[in-house]
Amino acid sequence: MKKLFQFCKANVLFLLTLALLVFIPLYPKLPLVDIRHTWVYVRIEDFVVVFVLFFWGITALRHKNSLITPLTVPILLFWFIGAVATIHGILLVFPNLGDVHGNVAFLSMLRRIEYMSLFFVAFSAMRDKRFLPWVLVALTVTVLGVTLYGIGQKYVGFPAFLTMNEEFAKGIPIRLSGLSRVSSTFSGHYDLAAYLVLVLPILVSMVFGIRNWVARGVLVVSALLGFIVMVMTVSRISLLALVAAVGLVVFVQKKKLVLVSLPIIMLVALIMVSISPSIVERFGSTVKEIDVLVDAATGEAVGHSTNVSNTYFAQKTVRQLFSSNITNIYAHASSSAALVIPYTLLEADPVLFIEPNAPTGENLPQGTGYINLSLSPVTRKLGHFYFEPILKVATTSADVYVINGNFLLKKVLAYDLSFTTRFQGEWPRAMDTFRRNILFGSGYGSVGLAVDNSYLRMLAEVGLLGFGTFLAIFALTVMYIRKTLPDVNDYKTRSFIIGFVAGVGGLAINAFFIDVFEASKVAFVLWLLFGVTLGTLHLYGRRVLDLYKLLKAALMSPIAVVFYLLIFTVVLYSSIMRNNFVGDDFTWFRWAADCGSNEVSQRCNVNVQTIVRYFTQADGFFYRPGAKIYFLIMYWVFWLNQSIYHAVSVALHFGVTLLVFLLARKVLRSSWLGALASFAFLMLSGHAEPIFWVSATGFLFTAFFSLSSLLSYISWQDQGKRVYFLLTLVFFVLSLLFHELGIVTPLFYLLYSLSSEGWGEMRKRVGNVRHGLLFVPIPIYLAVRYLASSHWLSGDYNYNLLKLPFNAIGNAIGYASLGVLGPVSLPIVQIIRSAARSHMIVAAVGVMAIGFGSIWAWKRYEGMMGKEDKRIWFFGVGFFLISLLPFIGLGNMTSRYSYLSSVAVALLLVYLLKKTYLFLLGNGRAIAVLIVIIISSTFGLFQLIQHQQMQSDWYDAGEATRKFVVAMDRAYEDYWKSEPMEFHFVNVPIRVGEAWVFPVGLPDALWLVFRNPNIRVFSWPTVVAAFDAVDYDAKNQKVFEFVSSGELIERRKLRISQ
């Protein structure tokens, strides 16, 4: 007993840490002290935590604890930035906002400090390596208690104490229904799910670290119960995060067990689904098809409607409502409407719109997250619908109102309420708050109680500085674990740390959709486990680590460059997510959607027969089966959600940028120059068309696979591993499936070998049998392409042998200027080309002058260039010309063809920048650096301005197509779906600035909306020409004119009576 007393006396902080790990998750969130302007209360756990911190502070003052930890500086810095942001918000931001309050901001800041302070308590408590098993015991007991209580809520009726709204937060015990989501002792099911994501990977990892079978059995039972309760929470993102975290644990602990465990996982999943089938329903309801009532005049949604029988109105009073403005139906819906209609006189299948529940500040009404409403197919036209408002007072007969007007009923895919709330409410509000001050944010409390994204909340409240500091805490933790873990010789400790890392990783995934770092029970446990983990590792540390030197090195590492490129990519291209589809996009979608069915919501099945047809039948189009498969799968999974298509394009562009970084490191032999080249490539505006235009995604795929093949080839040359040879071949074949440009990929292999090794070595390598195998796909590709009856050379895509030298040189100069200067150079290039066509003799003299001038310049300055300079120039110019080989001889040029060649432009620009720096170095390093920074920033600004202009052009082009669809909906009649129709369009817009509108694709856009295969579309320069092609008063022949304002006006050819 005396030893126990002495142990407790000497390790009070450790006992308090264990108590907190158990008490905080298990004790319900019962309120104690009310706070004005919010329903968040001060609770018992806050007083307990303050007491523990007070005790820790006393011991720290007595020099028993030290503040020297690996995370002290970043945590203190994070608190400081949060304080500055909050002071700035209270003084400058809050006075201009409505529903924000200084006291809430102050207490929110204190709450963040309270959470993270427990790290120091737990770190100081871990004074002995033998303490860690007791932490595991505490976590296991807590998980058992939490899960058993949750199961009791589901099947026995244990009360829940929720904080999901103001009334629940008062501490009223609630008995959940059988369909409710389990929350256990937590304030909501999301918080419980996040806690399980953090803790269960630790228990699973310790199963591998403990040899005692009884202890293993307890851990397995606890983990299984945790998984069962996780399914009962019906939290989709948390379940996926948990599976990822546990999968990481199993992979790290026992790699061979991953494949063996797949059948077990499937069996467990089936059992859990049978226990809680609502999880399957929840995944299935993420996106669903609904009927939406649309105002034909504006294209705006009235709301989610339903078809009912007229007997539905038997016990209701149906009144005729006279209102000219659909947006004001709620105000006009009153019992003063005079005309009462008996339900027996109503049509058999009335369309009913029930007034949705009014949204609160934290949610939106069901069905507002529509996916591309304008392109959703029309079911039928309506002259009226029935509107049932929410009853304001109790009555024996509810009123229903007939609303007259021009309406459409559409089949629409819509997100469920959970995603809609995030996409249309919380996340845009957080981004608006972040934009007020991107460095410091707007202060704590400046966004609502829920943002459902911890990262966006952090950006909004503490800005980039606070967000970066918070990430630095995690980065330092990873570095500390990485450097210290090799010194840990105890397998149980290693297993605990592996589980902790996996749990935090799962929580980081969870944070994209839930405010996990702000949820009190989760945050308290998270920072306690941070302290336990780093405190334990500190006991194993055999050497002093300079973490901040490591952090500095990490900030300049290749991984950091990848992170910077990702941030820059998102900032540069995030605005394109709202752009609508244009031109050829509709043609690709029709290929994906046209299965010979007229069902309005029909989507083709992804099957082997369809995919084989894409490979064997090109039907006179270019041979691009990979691109067709991409659109088929995307349309089947995401339908017409333009944001997803643009997100894929941006992701591919980011992937190509990473490959440019890797290639530039090889060619320029410098990580710094490689990073600059990748940033230059990302910033160049001349090749941006494939990123903005969904139809040109094939260029991005081809560039990605072609560069991947080249880098695999380089790795094969350097290391000789067979896997790199196979990857070279696979990526080459994939590049051929998306665009004809992929055929030049093997030439990149020869170029790299020739530039790096010389002609002799390259000949030896090419003579190798394996090198010959790399060229085998070319004849196979050409043969299959021919048999598939694909498009070869004709029309604009053809070569004129007589003009080939002129076109080649002109296009080479044009694409070079486009790569360096951007789209602003295109008008000048076109003027020069037009002048050259009119004066062929002068053009011939100019071509010869350029040729002789280039030869003279090379001979003149070759001796002044070093071997390394020649290698870079040779590779850069060679890469530029090879990537343009399929296009350089054409009679025209377009910016999307310059995408892959811009890689060479970026390489050479960075090389010239380096040479400029070396030239200026004689004036002093500071002057050289400043001048190079000025040159780079000026060039970057020049490119960014063009990026913004292009984004504006593509947005306007998308708006033009959207207005076109809305105008056609406005004129729509039901017979358009089934009868043969002719549509004649006048002044069809082709471009808006640098963006395409309807170069082609207009008939396919109409087909997507009306699903009538008997529609014929004609284009005319004038209304008179269009009228010449139609009959008088023709019902099935319609003429529409695009006017200068962008509107679409119907023109009628009427017979004038004499």
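Just so it is clear, glycine is given a Cβ too, placed from its N, Cα and C backbone atoms.
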Out of 398-419, 838-859, let me know the one TrEMBL marks transmembrane segment.
838-859
Proximity verdict for the transmembrane segment (644-664) and the transmembrane segment (897-914), three or more C-beta pairs under 8 Å:
yes
Contact set, same chain, for the transmembrane segment (694-716): CB under 8 Å, 6 or more residues outside the stretch:
581, 583-585, 587-588, 624, 626-627, 630, 642, 645-646, 648-649, 652-653, 655-656, 659-660, 662-663, 666, 724-725, 727-732, 734-735, 738-739, 741-742, 744-745, 748-749, 752, 774, 896, 899-900, 903
Contact set, same chain, for the transmembrane segment (131-152): CB under 8 Å, 6 or more residues outside the stretch:
11, 14, 17-18, 21-22, 25-26, 125, 158, 182-186, 192, 195-196, 199-200, 202-203, 206, 218-219, 222-223, 225-226, 228-229, 232, 492-493, 496, 532, 536
Verify whether three or more Cβ pairs under 8 angstroms connect the transmembrane segment (871-891) with the transmembrane segment (809-832), leaving out any pair fewer than 6 apart in sequence.
yes
Tertiary contacts of the transmembrane segment (73-94) (same chain, 6+ residues out, Cβ under 8 Å):
100-102, 105-106, 108-109, 112-113, 116, 119, 436-437, 440-446, 461-463, 465-466, 469-470, 472-473, 476, 548
